[in-house]
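Colleague: Below is one structure. I have some questions about it.
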Amino acid sequence: MSDRIRVRYAPSPTGYLHIGNARTALFNYLYAKHYNGDFVIRIEDTDKKRNLEDGETSQFDNLKWLGLDWDESVDKDNGYGPYRQSERQHIYQPLIDQLLAEDKAYKCYMTEEELEAEREAQIARGEMPRYGGQHAHLTEEQRQQFEAEGRQPSIRFRVPQNQTYSFDDMVKGNISFDSNGIGDWVIVKKDGIPTYNFAVAIDDHYMQISDVIRGDDHISNTPKQIMIYEAFGWEPPRFGHMSLIVNEERKKLSKRDGQILQFIEQYRDLGYLPEALFNFIALLGWSPEGEEEIFSKEEFIKIFDEKRLSKSPAFFDKQKLAWVNNQYMKQKDTETVFQLALPHLIKANLIPEVPSEEDLSWGRKLIALYQKEMSYAGEIVPLSEMFFKEMPALGEEEQQVINGEQVPELMTHLFSKLEALEPFESAEIKKTIKEVQKETGIKGKQLFMPIRVAVTGQMHGPELPNTIEVLGKEKVLNRLKQYK
């Protein structure tokens with residue numbers, strides 16, 4: 001194990017970057033950067049059936065978008081490569097041969113049907129399913145007989161009996177496993193491909209990984225990996241297992257849970273900001289001192305302390321994510337937010353696919369109107385429905401406002417002045433409303449609320465003069481005249 005902090009994020013290229021995996025990558029990144037160490041990305045691609053053609057590219061693209069810059073990987077070899085497991089067979093094979101030669105591993109010829117029958121029988125007896133060791137001591141004659149039958153062997157690790165495997169987890173504290181509860185497990189599958197627990201231990205050792213930080217669904221893998229380290233006389237890395245991420249029902253976040261968007265790609269498509277998502281994910285199972293919740297990446301690196309990783313499950317709060325992103329949206333200049341929102345405006349046919357300067361100018365005004373309210377760039381479409389949909393039927397409260405005694409007088413004066421107004425801009429509209437106030441004597445809520453309800457159908461919203469400008473003269477006059 002290296003004295004220098006070296007951590008790794010090791011995804012399989014089987015799909016988009018999941019929130020849970022993004023958190024694993026992010027905490028490893030913060031830990032490495034806090035201690036001036038190395039953040040390594042290794043691709044665990046030995047499951048060829050599940051690998052997607054663009055799975056690896058997607059992982060790297062989304063990690064880069066989040067701001068997780070790696071020090072080593074397939075594109076940055078620092079002497080510890082190859083960084084794809086599929087390219088490391090030449091490293092694994094001599095070690096497999098060594099374990100076989102030292103009788104620390106053996107060939108198992110049992111078929112899938114035989115193993116399944118054993119498993120079902122154990123479950124029927126109320127026992128924990130585990131391999132019973134039927135082929136742990138085959139004679140050479142028995143091995144030859146199985147091979148003559150055409151059976152392909154897997155290779156199993158010979159688990160030492162009556163031994164306790166313990167490790168001091170940086171999150172959970174001391175964790176122990178009794179080896180008698182772990183059957184001899186497969187280190188090489190029948191197709192010759194090393195299994196996860198074997199390959200990952202070998203890779204972590206040869207890449208001099210100092211700390212393995214991952215989700216607590218990997219706790220049960222840890223004793224098997226420690227066995228591999230001990231079999232070769234190597235020092236294991238330090239381990240840290242992060243708490244689960246749970247949904248509103250406090251159930252483990254599942255990829256089948258349709259209530260929560262779970263892939264970074266989905267948040268990108270909606271127009272979330274990478275620094276906001278970074279901020280939100282960094283607080284899933286970790287907390288800083290104090291009450292502050294908004295930090296830059298550099299601030300997170302400075303204050304990160306692995307001792308503050310939580311043992312309790314981390315709640316994925318959709319409202320909290322929306323709030324965090326809104327804080328960042330408010331800080332951005334309008335042009336940045338407009339460029340993020342533009343594809344959404346085009347998709348909703350609010351702006352033509354080939355927009356004119358006039359279209360773009362209108363779009364910028366629309367964004368300026370809603371920027372402080374927006375949780376994400378794509379939200380501009382539902383927020384601004386009044387600009388492109390028919391006026392909704394008024395609710396009871398809105399009806400009371402618009403049926404006020406002074407409303408016809410108010411609308412008549414306002415309609416007349418706005419009809420003649422040029423240029424139709426917010427500053428001039430504001431002056432016009434003040435003139436109407438002086439002429440009619442109507443003021444306060446009796447002035448502003450009926451105007452807002454008449455032109456938007458809503459009781460509340462952004463600055464009224466700005467809203468009227470963005471709606472445009474024709475639409476505003478059409479909406480006002482029915483209340484004259």
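Every residue gets a Cβ built from N, Cα and C, even glycine.
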Colleague: Of the residue ranges 11-21, 110-120, 330-340, 429-439, which one carries the motif ''HIGH' region' annotation in Swiss-Prot?
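Modeller: Swiss-Prot lists motif ''HIGH' region' for residues 11-21.
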Colleague: For the motif ''KMSKS' region' entry in Swiss-Prot, name the matching range from 142-146, 252-256, 402-406.
Modeller: 252-256
Colleague: What kind of secondary structure is Lys255 (ATP binding site) part of, going by DSSP in three states?
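Modeller: Coil, per DSSP.
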